Amino acid sequence: MRKPIIAGNWKMHKTLTEAVQFVEEVKGLVPPKAEVDSVICAPFLFLDRLVQNTNGTDLQIGAQTMHFADQGAYTGEVSPVMLKDLGVTYVILGHSERRQMFAETDETVNKKVLAAFTRGLVPIICCGETLEEREAGQTNAVVASQVEKALAGLTPDQVKQAVIAYEPIWAIGTGKSSTAEDANNVCGHIRSVVARLFGAEAAEAIRIQYGGSVKPENISDFLAQEHIDGALVGGASLEPASFLKLVEAGRHE
């Protein structure tokens, strides 16, 4: 049985004061880590403080991206060594906004995935199709290609620890979401790709999230599906009450 993982991606929202207030409100109310992984992926500036404020609790802290190098002349970047030193647990890699706005490629995402494992971070690896690709019937091919390239060079044991987030690009922040059945079909296809590349055991162990306009009102429909093990949530993770409803839904799946 795969443990659900509900991760809030705050993107570029909140001040430090607001972030700390949020964490203080929810950290004692999230489900036990043994039942659900409850994660907040916050802006870099807040990570140190939030990790300190959540030590000893069941709320875990993640980053939204990172560089693949440990150090070097990469102005403005943050390395996996820095994140690990802060006590960060998870890192989102290859989000469509990073791919579209900051020229991330499948190759750079793969370098980051390998670096995350080298430094003991758990990658949340994003994949998903555009509306044009979906309408052209290319969803499975696009997602399979992204997953295969992102996981290249990993061992089956590493793949078991990874998280994949299927986020159809047309559903991110639009209020539109895939149907639970359609999302499950794509997540099942992702699992079959992992099985082909790394074996049935790795495919059975890897956790696959759905993302794209997930909110308290629809999360249970997604979590009830066979191949969906959690959610990567944007806007609905910004308010404490909403986030708590999301992670509580994970507890009952």
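Quick reminder: no glycine exception, Cβ is built from N, Cα and C everywhere.
Lifted from Swiss-Prot, the feature list:
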- Asn9, Trp10, Lys11, Gly173, Ser213, Gly234, Gly235: substrate binding site (BINDING)
- His95: active site, electrophile (ACT_SITE)
- Glu167: active site, proton acceptor (ACT_SITE)
- Ser213: phosphoserine (MOD_RES)
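With all protein chains in the displayed structure included, the most crowded Cβ environment within 10 Å among the binding-site residues Gly234, Gly235 is that of Gly234. Per-site Cβ counts within 10 Å over the binding-site residues Asn9, Ser213 peak at Asn9. Taking the Cα atom of each, Gly235 (substrate binding site) and the residue listed as 'active site, proton acceptor' are about 14 angstrom apart. In the shown protein chains, 29 other C-beta atoms lie within 10 A of the C-beta of His95 (active site, electrophile). Taking Glu167 (active site, proton acceptor) as the reference point, none of the binding-site residues Trp10, Lys11, Gly234 has a C-alpha atom within 10 Å of its C-alpha. Under the DSSP three-state reduction, Asn9 (substrate binding site) is assigned to strand. Counting in whole angstrom, Ser213 (substrate binding site) lies 14 from His95 (active site, electrophile) by their C-alpha atoms. Taking the Cα atom of each, Trp10 (substrate binding site) and the residue listed as 'active site, electrophile' are about 13 angstrom apart.
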